[in-house]
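Here is what TrEMBL records for this protein:
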BINDING   ARG8, TYR9, ALA10, PRO11, SER12, GLU44, TYR180, ARG198  L-glutamate binding site
BINDING   CYS98, CYS100, TYR119, CYS123  Zn(2+) binding site
BINDING   LYS239  ATP binding site
DOMAIN    8-279  domain 'Glutamyl/glutaminyl-tRNA synthetase class Ib catalytic'
MOTIF     11-21  motif ''HIGH' region'
MOTIF     236-240  motif ''KMSKS' region'
Amino acid sequence: MPEPGAGRYAPSPSGDLHVGNLRTALLAWAFARSTGRRFLIRVEDLDRVRPGAEQRQLDDLAAIGLDWDGPVVRQSERLPYYQAAIDRLTAAGLTYECFCTRREIQQAATAPHGPLGAYPGTCRTLTEQARTRFRDEGRRAALRLRAAATEFEIIDDLHGRYRAPVDDVVLRRGDGIPAYNLAVVVDDAAQGIDQVVRGDDLLPSTPRQAYLATLLDLPVPHYAHVPLVLNTEGQRLAKRDGAVTLSDQLALGNTPDQVVAAMARSLGYAATSSAELLDSFDPAHLPREPWILDGNGLLQRSRCP
Ligand code: GLU
């Protein structure tokens with residue numbers, strides 16, 4: 001029997017999970033479990049770690065009824081694997097050092113040519129002399145992919161065929177830390193993850209991740225980018241939007257299952273627990289629109305727009 005594939009939730013431990021994060025986690029879990037997959041948690045702690053946040057996030061995921069397989073994986077413990085992938089791309093002539101400052105990139109990326117936000121390749125053809133000069137100026141080099149493609153297409157369960165620009169994405173930041181786009185590709189493959197369910201704010205980055213996977217001879221997973229939870233102004237939910245974390249809700253006297261029920265309602269389900277949602281879960285009928293939420297009215301006024 002082949003190993004069942006795996007789905008995952010990959011939180012960044014930069015603070016407490018809000019109901020938008022919890023809803024994405026609930027969906028990732030339901031996608032994985034309803035298709036007989038394992039469900040893994042990976043803590044993406046290469047950036048912005050708040051002490052204690054990881055444990056609180058795991059506690060909240062368990063409190064809303066999610067379970068996962070095997071130990072939690074932390075990216076900070078996997079640095080040699082990212083370096084090995086970088087070495088492999090470098091050996092194939094597919095990387096170059098980039099000395100651009102953030103500001104230079106912003107200016108170049110908003111220039112009226114090339115895809116919006118894409119790195120225009122300023123440092124692609126630097127001479128050794130120019131590199132030495134930048135180093136002497138004290139600039140630290142990021143390492144970028146020398147992309148041969150300009151666009152790449154993926155297939156997403158909710159969005160169908162999706163094509164987006166592929167640019168010379170950063171593989172290792174100037175401070176030496178592997179970049180998210182590289183780490184996520186290396187980890188999903190290493191963990192046997194063949195189903196990536198996450199917020200649709202990450203959809204535009206997905207073609208470049210899939211392209212990177214193909215360059216590393218890694219399988220491209222199935223994708224499902226699910227709608228986000230937005231506040232009443234149409235912005236991504238944040239702490240200032242009221243009682244948006246599980247502990248905020250518990251402090252108001254609500255139970256984790258009541259929070260799950262509100263999230264389930266927003267997805268078109270009358271379930272009162274994660275297990276009940278899973279029983280009738282059908283990804284084909286998920287809303288494609290964001291859930292507009294008034295954090296303070298989470299349990300009274302949750303609705304599908
Ligand atoms: N760590 C990312 C986040 O919390 C998620 C990345 C992913 O799911 O690929 O937004």
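Glycine too: its Cβ is placed from the backbone N, Cα and C atoms.
A TrEMBL annotation is a machine prediction, not a hand-curated record.
Considering only the binding-site residues ALA10, PRO11, TYR180, ARG198, the residue whose Cα is spatially closest to the Cα of TYR119 (Zn(2+) binding site) is TYR180.
Within its own chain, the motif ''KMSKS' region' (236-240) is flanked in space by residues 15-16, 18-20, 201, 228-230, 293, 295, which lie at least six positions past its ends and keep a Cβ under 8 Å from the stretch.
Of the candidate binding-site residues, ARG8, ALA10, PRO11, GLU44, TYR180, the one lying closest to CYS98 (Zn(2+) binding site) when CA atoms are compared is TYR180. Checking the binding-site residues ARG8, CYS98, CYS100, TYR119, CYS123, TYR180 against ligand 1, none has a C-beta less than 6 Å from an atom of that molecule. Put plainly, the binding-site residues TYR9, TYR119, TYR180 were compared by Cβ crowding within 10 Å, and the winner is TYR9. Excluding the listed site residues ARG8, TYR9, ALA10, PRO11, SER12, GLU44, TYR180, ARG198, the same chain places ARG42, VAL43, VAL184 with Cβ atoms within 8 Å of the centre of the L-glutamate site Cβ atoms. Apart from CYS98, CYS100, TYR119, CYS123, the Zn(2+) site neighbourhood in this chain, defined by C-beta within 8 angstroms of the site C-beta centre, holds PHE99, GLU104, ILE105, GLY121, THR122, ARG124, ALA142, ARG144, ASP168. Residue counts for the motif ''HIGH' region' (11-21) under DSSP, split into helix (H, G, I), strand (E, B) and coil, are 3 helix, 1 strand, 7 coil. Following the DSSP three-state reduction, the secondary structure of TYR180 (L-glutamate binding site) is helix. Comparing the Cα of GLU44 (L-glutamate binding site) with the Cα of every entry in CYS100, CYS123, LYS239, these being the binding-site residues, the smallest distance points to LYS239. In the three-state DSSP assignment, the secondary structure recorded for ARG8 (L-glutamate binding site) is strand. Taking the Cβ of PRO11 (L-glutamate binding site) as reference, residues of its chain lying under 8 Å away and at least six apart in sequence are, in sequence order, LEU17, ASN21, ALA25, ILE41, VAL43, GLU44, GLN57.
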